[in-house]
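Beneath this line is the structure, given in structure tokens, with notes to follow.
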């Protein structure tokens, strides 16, 4: 016994060292070398092998936490602060004064605080993400202890027997056992664009995707020993710079350039023109460097996104890519699967409506044949509905011997079972899409019209059709062609809409998100479902728009516009989904796409936000950006709202950061150059530390999500920041002038004068300027965070408490601090009250400035000017050219298109204009509803006339 165990271990160690070529030896030798059988491993044997071979996952590079911490100090914004620290001790050593150690220590402290917060939050976010992704860890169907079960793919070991089916990502390198050939997509590994066919005995690689078929396989390699694992060792991963990082860089560069311009002007004016002393000049440059850099920006934005990602996961949307949050906030088109997302995917069959085509057969026999062509295990919704109609699910296989089952695949769109009955005769039954089954039928030409009539009748009631066919197989083999196919019957399938779908679609349209239904069903079903859901019914078969046989009635119209204006697409194939997304993106839409199957992967990858719905295949999950853990459309709309709230916080902060940079650079530059006022750099450092501490709480601020799709508009951020910053800089300059050059405040409020009493004595004035700048700078966040009046939208409790504490500290410093090293002196409570009053008065116009900026940037102001000019012109010729255009215009209107001369979305830059598409979708839905009511009214009136009733009396009691 001991010898056998040792022999097994020696053989397995040889496999581990790759001394045996398990990819090429006959399959029998694979079992021999792996000391396993087709009955699978026992749990004990699997545990022993797991200890030997390790987990079935790639080794993760362990990053030094200390180096990661230092990495947060290695970015352009940090470099500027580090340069300021060096200036404080190297260049500031002159003018009879020692090096500026307090500023040096303060700058380093600020850097360490920001890096520590970033490090802790990213670490927490990383741990949370790892826990969430563990829920999405790939699963594998494995045979252990003689029973099939679903296990984490990470515990697979060589020798395990696994099952691979359509949509699965192959969990480990394996050799296929007996069964039908598989279609495997190896493009991610080998670059082969077309799926390859793999038969019994062939090897399949970990990471490839099953596109068709179902088969069992024996695992021959796991983890780093797989083909994928070896390739991953050879390829060094590269970090792609995302859009979010580009935005951060652009804002950082703007702030750095603003500071550089301010410093250059100061250097040119102070030294060659004003002949200022060396040391005060360096101090003034330090003020711009320290105060102007938004050093907390990367920390605030990453913390905001990490907290937001956690909130999304609580709502049932796990973000695989953090920056998908900003794209979700800007999404204006959502292409949603009908089945399972808009509907319940709980199919029911009405036996009374079954249409029988084969003589001698009743509805019960049609159901039994359909049940035979269904899987009893791993059922999809259709199989479950049909087998569930039987009195006992076992009846589906009662009295027959299964020879071969052909699983569903997207190409054939049908399943089939070859079986032997009690008398030893072989038969085959198939169920699937009516068109596919009809093509099999030997008498297609005779029954085609009736079949289509029944399908249309079902479709008008929102019912899908499922066809059933039957044939004898005299040869008795699974691969025999068999005799002529008999078209047995058509079954109606009803998939009821989700109870919340109609309300969710209405919410989406109100949020500026146009929902487009994507369905593989025929057009009539799509329109009927759309009607029930309160959508418009402006839908097209996707093949009529994108296929080879385009509809003649719309062939002359622009396909891109038709897609843009459509409420849905029917008869959709996977390649059509990709094309729809591509064309919507070409028209400047941020497009979301839901999907669940392996064939949805290309479209999910192409979409700006790929959303894998609940119960999606591994392939769909791996291609998506967001994975839903709850079914339905409402989860997506909730995620959109949350994403917009997260994005709003980030946008509010960036406007605030740019404004502060401009106000510090412009304000202190003017004070230094006009009045030769030298503000102490240490006090700017105190402002920065208090500001950064307060602003961290914006990540949990209470905000109203944008009512429209939102995105980074850098020109808007910079323009708003420059206007706000310039206004606040002027506030400081005016305050300085009134305090220093006039006796207005002492005369009005009875406070002491702040005029300097000795040469270079600006100590009390410095305290006053410090408090004025500190209060209004932090108060600006309340203006940038609100869409309406800042005093109406209540901020989050954390932000409010942080602001009060920070400004209490700032006020106490200004009132009491007598710091010789910082060159400030306490000004008393009287001046503190004056400064608070001054800031409150000048705070009020900030809201008006915000409204004016928004109005000016929207283009409305300039549109009005243009419209007034156009109003005085008139069109003289309404002749021939106009009449020629009328027919084309009528055709476009019929299909919901705008006039050809109207600017389309490609030319539009403002979100409110893009939102017109959602508004038009709402209008179409309303028109469809009114049309239905009008039809109903006409029907009622005709019945009333037929019955000879008094219509006037009825109309007084009821209105439509």
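Yeah, the Cβs are placed from backbone N, Cα and C, and that goes for glycine too.
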Per Swiss-Prot record, range annotated transmembrane segment [choices 210-227, 228-245, 282-299, 300-317]: 282-299
Membrane-side pairing of residue 275 with residue 677, Swiss-Prot annotation: yes
Range annotated as transmembrane segment in Swiss-Prot, from 18-38, 39-59, 102-122: 102-122
Range among 797-817, 860-880, 881-901 that Swiss-Prot annotates as transmembrane segment: 797-817
Transmembrane segment range according to Swiss-Prot, out of 610-632, 679-701, 909-931: 679-701
Given ranges 743-763, 764-784, the stretch to which Swiss-Prot attaches the annotation transmembrane segment: 764-784
Range from 70-89, 102-122, 282-299, 718-738 with the greatest count of C-beta pairs under 8 A to the transmembrane segment (679-701): 282-299
Cβ neighbours of residue 600 (Mg(2+) binding site) where a neighbour is any other Cβ within 10 Å: 28
Structural state of residue 337 (active site, 4-aspartylphosphate intermediate), classified by DSSP into three states: strand
Residue counts (helix, strand, coil, in that order) that DSSP gives for the topological domain 'Cytoplasmic' (785-796): 0 helix, 0 strand, 12 coil
Stretch contact, the transmembrane segment (70-89) with the transmembrane segment (826-846), Cβ-Cβ under 8 Å, 3+ pairs: no
Other C-beta atoms that fall within 10 angstroms of the C-beta of residue 337 (active site, 4-aspartylphosphate intermediate): 24
Residue 337 (active site, 4-aspartylphosphate intermediate) and residue 596 (Mg(2+) binding site), distance between Cα atoms, whole Å: 9
Ranked first among 282-299, 652-673, 718-738, 764-784 for CB pairs under 8 angstroms with the transmembrane segment (102-122): 282-299
Cα distance (Å, whole number) from residue 337 (active site, 4-aspartylphosphate intermediate) to residue 600 (Mg(2+) binding site): 10
For residue 596 (Mg(2+) binding site), the number of other Cβ atoms found within 10 Å of its own Cβ: 25
